[in-house]
Structures are given as C-alpha cells and as structure tokens.
C-alpha cells in the first residue's frame, strides 16, 4: 500500500487518507460507489474508473458498488439543492446500464448493488441497528450537512440519512467481502470517515478511507459540463467526436489535472507532458484527447473522432464529401430528422429545436455576430428559413457554431 500512496502523492492526486493506511499489505479489497442517477456514466465517473484500475495495478482487489438503493435517496455531497427523486423503475433501469458499463470498462471486477441488502432492511431495523451508532452532533458537524442546514434550501431527513446508508454499505462489504478500504472524491471524505467509525463501533475491525481531488476548473466548477449539458461516456449520448473536441477546447491550464486523473499514463510521461505544455499546449491536448477517447471508446471510437475532426476542420476550400457526411451521421455527430418536419422553418427555431443552441436568444446573438454557419457560410438573417437549395447532396446540412461546435442534419 505504501507504493500506491507514494505514487498518488507524486502524481498529485491524493487528497486525504486514513492514518495507518500505508502500513496495509496486499492482498486487500477496496470499493468505490456509483449512484445510478442517470442512464449513463459521465466523464466525472471516469476518474473513479481509472482509480479502480490503478488500485488493481498495485495488487488491490477493486470492487464497484452500484447504488441501486442510495440512488433513490440522492447524495447531498456537493449539492446546494436537493436532487429530484427518481422513480423505482428508472433507478432499476439505470442500475442495469451502469453495471453493464462498469463491467465493460473493468473486466472481471466484482460489481455489487446495495439494493440487494438495503432493499430488504426495515425502517425499525435500520433505526435500531444502524441509527443508534450515530450521534447528531458529529453528523451536523460534517461539512456537507453543515453547509446545507444553514442554507436557504436546508436539508431533508431523506438526504440527511444518506450518510448512514453509505456507512452501512461499507460495513456490509467489510463483513461480507473483506473490503477494508473505501475510495472516492474529496467530497466523500465525511461519508467515508462516518463509515469507518460505524465499523469500529460495531466491533467489526479497522477500516480505512482514501480520497482523490475532484476535477474542477480554476473557478471551482466541476469539469465535465458544457453549455449543451453533461459529457457522457455512452457514445449514444456524447459521440466520440464530441468527447474528443471537449478536451481540445479545455483551457491550457486545466489539461494538467485532466491527464493526472483521467488517464493511466505513468508519472514520468505526465511530467514530460507538463514541460511540453508551455511550448506546445495544443499538441499535448490533442494527445490527451486521443488517449482518453481510445480508453473510453476503443480504437474504433478514436478513429471515428479523428475522421470527424478531419472532415469538419478540413483545409479551407476543401469540400466535404457525401461519404464523409454519411460517416459523421453514423458516428453520432449528427441528427436524423424527417424532411417535412424542418423544411420551411426558420433556422432560428431549428437550431433550438435540435439542441444546437440553448435558446433563441443565444441563436440571435450568434447570427448577429456571424457565428452561426450553414454549410460553412455565416447565417446573416434571423428570419432565414431552411429550403431545398441548402441541402448538400439533396439530404444534408452542416451546422457550425463558431470554429468548434458542429452538427450534421440528415433530412432522410
């Protein structure tokens, strides 16, 4: 364990750890949780997936927990307002998809679902056997609770109970699967230490915790969000091209944190890339984008992203071919719409309807600034409509927002 701790410190991704953790000897097991609050994992989850892979490389047996029960409650950590509760059917469906994704990214890993033990726990048993081990004073002192209790939004008893449920998870895995270490982002430290204390109070033994820094920008906002929404790992929600472009567009100062947390590149290569950032940041970002897209979507996904990039950003004067447009649509960088649904509509309405612009206000500003392009020509009139003369090969339209954001409309 000491080697892992040293590596994480050197890499700069060790946030907090329990006293005595470095003295643990392998083999040991460690777990990390993924709540199924959506049908897909997002780029923030990739930090945890990389972390589990890193644990395995050091001889630690990784366990992934899908929060089929806790996902119905909602973790208040890092949230200023309460999450909207999902219905049971949605959580069940999300859980299956998250488990399948984890199995594909982490072949052979043990995947557990806390609905298997929390789902059958009665309220009376929970209060009697779990609640009695927790003191309100220490719970209220936790940062995540303290921040919400005194906020205008407050915190519900439902969210307040999340800490107890996560602690019970840790104790269950400790007892049933000999999992002695829980890992997570820095916002999970309070929940993790509560679990360690709960395990001790029950007389089960000594447990440990370890956290890594959250991936945030210079303003403290979590990386992985765009104006269009979340960056998902499911290629049907965020195509490989969009994932690739996301990392190319990141500010230069953010890429150093990205390559430490979202890749398994060794520390020596990371430090060499740090030096290269000062002289050729775009080349470093391109390389890191390639590494991550290949890791998430495989060689085929990377090839799609590269081909789409080549098609969209071809040298000036080079026309995009029909084959390239077809490939872009098939790779997810496009949307198929019935011709009758769009012909004759204003572009101002179309770009909002397709989610290419967040609002008509944004679309108007882009048009006024000559930043919205139809087939590589700036749209000058907000009253302009889509007609048959704008179709490439009598079927396609290439939308562009500035230099980076692109989309193909396939009027099939």
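Placement of Cβ uses the backbone N, Cα and C atoms for every residue, glycine included.
Listed ranges 26-35, 36-45, 46-55, 56-65; the one Swiss-Prot annotates as motif ''HIGH' region' is 36-45. Each of the binding-site residues 31, 162, 166 was scored by the number of other CB atoms within 10 Å of its CB, and the largest score is that of 166. Residues 66-68, 71, 74, 83, 86, 91, 93-95, 97-98, 101-102, 214-215, 222-224, 230-234, 237, 243, 246, 262 of the same chain sit 6 or more residues outside the motif ''HIGH' region' (36-45) yet have a Cβ under 8 Å from a Cβ within it. In three-state terms derived from DSSP, residue 162 (L-tyrosine binding site) belongs to a helical segment.
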